[in-house]
Amino acid sequence: MSASAPAAEGEGTPTQPASEKEPEMPGPREESEEEEDEDDEEEEEEEKEKSLIVEGKREKKKVERLTMQVSSLQREPFTIAQGKGQKLCEIERIHFFLSKKKTDELRNLHKLLYNRPGTVSSLKKNVGQFSGFPFEKGSVQYKKKEEMLKKFRNAMLKSICEVLDLERSGVNSELVKRILNFLMHPKPSGKPLPKSKKTCSKGSKKERNSSGMARKAKRTKCPEILSDESSSDEDEKKNKEESSDDEDKESEEEPPKKTAKREKPKQKATSKSKKSVKSANVKKADSSTTKKNQNSSKKESESEDSSDDEPLIKKLKKPPTDEELKETIKKLLASANLEEVTMKQICKKVYENYPTYDLTERKDFIKTTVKELIS
């Protein structure tokens, strides 16, 4: 019974292979999850496609600029400190050299004195008003000025020395010390004012012109004498040729001996007459040359006598000196109204006082003296 029971059980429940089992069907939840995943993938693909398509213009990046907020520096008002020495405009030689220099050449000197380049209108005036540095030797400011001067070239230092009436010889360090020592306590050198070269050159030109004229006159006189001598030589040659031609003719036309004896005295007479004519021509030429030489010498002596006869006052006439000009300017300024009179009018009046001389070259001196007298 026990054996039959399992058999019966086997018959009742038929066995199936594992492969033949039916696949399990997915539930509703799993299907919904799959659909959501597919939708997400589609959205990602669409976004990628959109990113590839460029729509419109590209936005430019804005340039970020740095804005420096600089605080406006207020310049200190320009003041000229009173120094221990004399003002540069009061020293005659320095005032003279300042008037000769251009404003561009004085910029470095102005910067050295006042730590600023200065304007064109007030540059020379400010340099002239300088009377010395207010600080003492060996201070911090003194060292700064020394460093500033060391940066200048030798040519610039020498031009500053020229303006300040100092020696221009020496090395860079010597020039720097010389300039600083003077600027600490400016004082006059005691040398006289340099003479203007224009007046000297004018006189030398006149002398050269007069000597040149005399040389030209001598050269023109010499050819005249030579021409006279050459003309006399030509006359002599012509006479010689004529005599030689006559002699040839005589030799060709020789008659018989009898006639020759009779004609000989006639030929001698003709030759003698020709010789006398030659001598007369030579004497005339010599006399003409001597007469011309005498006339030229007479003219020269007359011109010398006429120059000697001139009064000595004419020979000794010279242009007015600086002192004379200064006195005339003083008189003109004393009689003139300074509020109405211009510099041009004063210059014209000075020229009128000396009409025989050309004083246009001394115009600068007249102007400087007027300014000195007014100040």
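Note: Cβ is positioned from N, Cα and C throughout, glycine not excepted.
Annotated region 'Disordered' per Swiss-Prot: 1-61 (among others), in sequence order.
Summarising the annotation, Swiss-Prot assigns phosphothreonine to T15 (among others).
Under the three-state DSSP scheme, S121 (phosphoserine) falls in the coil class. Non-local contacts of S121 (phosphoserine) by the CB criterion (under 8 A, 6+ apart in sequence, same chain) are absent. The phosphoserine annotation in Swiss-Prot covers S121 (among others).
Under the heading phosphoserine, Swiss-Prot lists S122 (among others).
Here the domain 'SAP' (149-183) has Cβ contacts under 8 Å with residues 88, 91, 93-94, 97-98, 101, 105-106, 108-109, 112-113, 130, 132-133, 142, 189, 191 of the same chain, all six or more residues outside its ends. According to Swiss-Prot, the domain 'SAP' annotation covers 149-183.
Marked as phosphoserine by Swiss-Prot on the basis of experimental evidence: S159 (among others). Within the same chain, the residues at least 6 positions away from S159 (phosphoserine) whose Cβ sits under 8 Å from its Cβ are K101, E105, listed in sequence order.
For 184-325 (among others), the entry in Swiss-Prot reads region 'Disordered'.
Positions annotated as phosphothreonine by Swiss-Prot: T199 (among others).
The predicted model assigns the motif 'Nuclear localization signal' (205-221) a mean pLDDT of 54. Residues or ranges marked as motif 'Nuclear localization signal' by Swiss-Prot: 205-221.
As annotated by Swiss-Prot, phosphoserine applies to S210 (among others), with the evidence given as a large-scale study or a structure entry.
What Swiss-Prot lists as phosphoserine is S231 (among others), and the listing cites a large-scale study or a structure entry.
Among the features that Swiss-Prot reports, phosphoserine is placed at S232 (among others), with the record citing a large-scale study or a structure entry.
Look at Swiss-Prot and you will find S251 (among others) tagged as phosphoserine, backed by experimental evidence.
If you look up Swiss-Prot, you'll see T289 (among others) marked as phosphothreonine, on the strength of experimental evidence.
Look at Swiss-Prot and you will find T290 (among others) tagged as phosphothreonine, backed by experimental evidence.
The phosphoserine annotation in Swiss-Prot covers S307 (among others) and rests on experimental evidence.
With DSSP classes pooled into helix, strand and coil, the tally for the domain 'SAP' (149-183) is 25 helix, 0 strand, 10 coil. Residues 325, 328-329, 359-360, 363, 366-367, 370, 374 of the same chain, all 6+ positions outside the DNA-binding region (337-351), place their C-beta atoms under 8 angstroms from a C-beta of that stretch.
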